[in-house]
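*Asks:* Annotation source TrEMBL lists transmembrane segment at 21-41, 47-66, 96-117, 129-150, 275-295. Taken from TrEMBL, the feature domain 'Band 7' applies to 290-484.
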Amino acid sequence: MSDTPDRSPDTKSSSGSAEPMLRSALWCVGIAAVTAFAYAFQIESGLFRAAGLELCLCATAIWAALDAAKSRRRLDADDSANALAKKRETSAVHHLFVAAPTVAVLVFSVLSLLSQLVEIPRAQSQQQVIGGAIAAVLAASLWTVFARSLRQAERNVFPELFAVRDALSEARLAALVSGGALLIATVYRPAESWAAWAISIWTLAVGTEQLLRVLAGWFRPITRDEPLVAPVHSLLREVFLSTTNPVGALFDIAESRFGLSLRSSWTIRFFRRSILPISIGCVLIVWLATCFVVIEPHQAGLRERFGVAERTKLEPGLHTKLPWPFGTIRRYPAGVVQTMQVGFEEAIDESLVSLDQERLLLWTKPHAQEFSLVLGSETELVAINAIIYFQIAEDVEGFLKHAFATSNPQSALEAFAYRVLMEETRSATLDEILSRGRDDFAETIRRRLSEYSAANDLGLEIVDVALINLHPPVQVATNYLDVVNAELDSSRVVTTAKGEASKQVLDAETESGLRVATAKVDAAKRVSEAGRESAEFLAVGEAYAAAPETYRLRLWFEAFERVLFGRRLFVIDAALPNVIFDERADGANTSLPNAAISTTP
């Protein structure tokens, strides 16, 4: 007997418009699942990871319905003798293909639950919350459209139609829960983790039921007249998602399938007699459940029995204790680096811290409620914004000191931090505070805090001290900025003047060197010219002394050459009176006949 509700199909009719609608729904669900996983990986959200696994289970139901419809059409068209054997083979293959993704979803759901045990919830930024909520609302609207459209489709063709509709309703509810949990987590952080747990547990329960139905269908004998139905019907979905009255739906299912009328007088009397022991049993189970406590990976614990604490450090994991109120376990954030604000009070937006955004702090703009410290001159004030990073000691002895030696180690550390700041600033001036090395100042504070923690058994390890800002009080910061700007302007003017002076000196040195070099060149030229003239004069004297007549004749020829240079000359040879030679400027000789003879003026 099939577990499917009494909605017998007519497998010989066509699927009409139901199959295209289911294919569209399958594509949309698949894309939504991939998007959910990608978004979960991007923002490190276990909630969207759980929603993606639920969508995978919904996609499995839709695909199984489509595959079953296709197999029914193929089997109805087969009238051969071995039709029953083919039907059994088709049913086995179909159940195998449905079991594979179901097992995968179950495995990943278990892994998701285990990862949620060790994951530290990460605060989401406002953009991520708004984007996730909008995506969840759009997805819920889309699943609502598909679910309502399937109500109008041919229910006599698809016996799995009600199961698919319930799966889409489940996806719609998961989307709404995801979007609502994101919004609530902005004011109450654990809401996101609780929603992820709820969706994961629900997916695990529905997937387990579906796997059991697959196994039951695998071993159930197949008859020739019984149609092939996908094992995707879920009793949990039908009870909690098909109607708004789960109790009434449960009564109807029990009466229609098992013949058990829960509305009869005998049933009512039975519940009246059983309600007290059942209630006591439930309360007892809840009370005994308080014996188990889970310590997170970033925590350490101390067990108390009848108000007496054991001097034993409890490591992360599952631990037992006496039921409440006889036993308790105190948990401490031993594996987390904590922060303490010193010198100011400001609400820290952890989502912005996780994004590692740059913060601009101006002297003249109040960015927190600050406390001014008196400097050594007793007339100046300074505001110091520091963050102390510390953690509970990891060793057992240090952890026990933190738990037992001081009632409130953080308050003691904060009080001493203010004391250290005052002691470090009261012997200094504002210029020294603003100009000295911040690293040295922060290291001094960290060292003194570490010594104080060790001396007073606080059980705290000082990891680092970060100076966020160090400036005069905001009320007088403008005046200090004016002084600083004046000093900067003075330095700029002096630097500019020095540069101009250096430039002028360099230009003067260059010009002086150029003039000296020019003078040296001129002197060398004059000395050389004088030497040449002197040598020439001496040579002339020596030449004249050696042959005066010859020298005078040479001078006469040189003078005659200079006078006659460029003139036209006619030379008459005494031996040739009728021939005249024309001595032209280019040196060419031309003989002229007697008829051309003429006298020069």
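For all residues, glycine too, the Cβ spot is worked out from N, Cα and C.
Are these features on the surface or tucked inside, and what touches them?
*Replies:* Cβ atoms under 8 Å from those of the transmembrane segment (47-66) belong to residues 19, 22-23, 25-26, 29-30, 32-34, 36-37, 39-40, 94, 97-98, 101-102, 104-105, 108-109, 112, 132, 136, 158, 160-161, 163-164, 167-168, 170-171, 174-175, 178, 181-182, 192-193, 195-197, 199-200, 202-203, 206-207, 210, 230-232 of the same chain, restricted to positions at least 6 beyond its ends.
In the predicted structure, the domain 'Band 7' (290-484) carries a mean pLDDT of 75.
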*Asks:* Cβ under 8 Å, sequence separation of at least 6 from the ends of the transmembrane segment (21-41): give me the contacting residues as numbers and ranges.
*Replies:* 47-49, 51-52, 55-56, 58-59, 62-63, 65-66, 132, 135, 139, 142, 146, 149-150, 153, 158, 164, 168, 171
*Asks:* Counting only residues 6 or more past its boundaries, what in the same chain has a CB within less than 8 Å of a CB in the transmembrane segment (129-150)?
*Replies:* 18, 21-22, 24-25, 28, 32, 35, 39, 43, 45, 48, 51, 161, 164-165, 168-169, 171-173, 175-176, 178-180, 182-183, 185-186
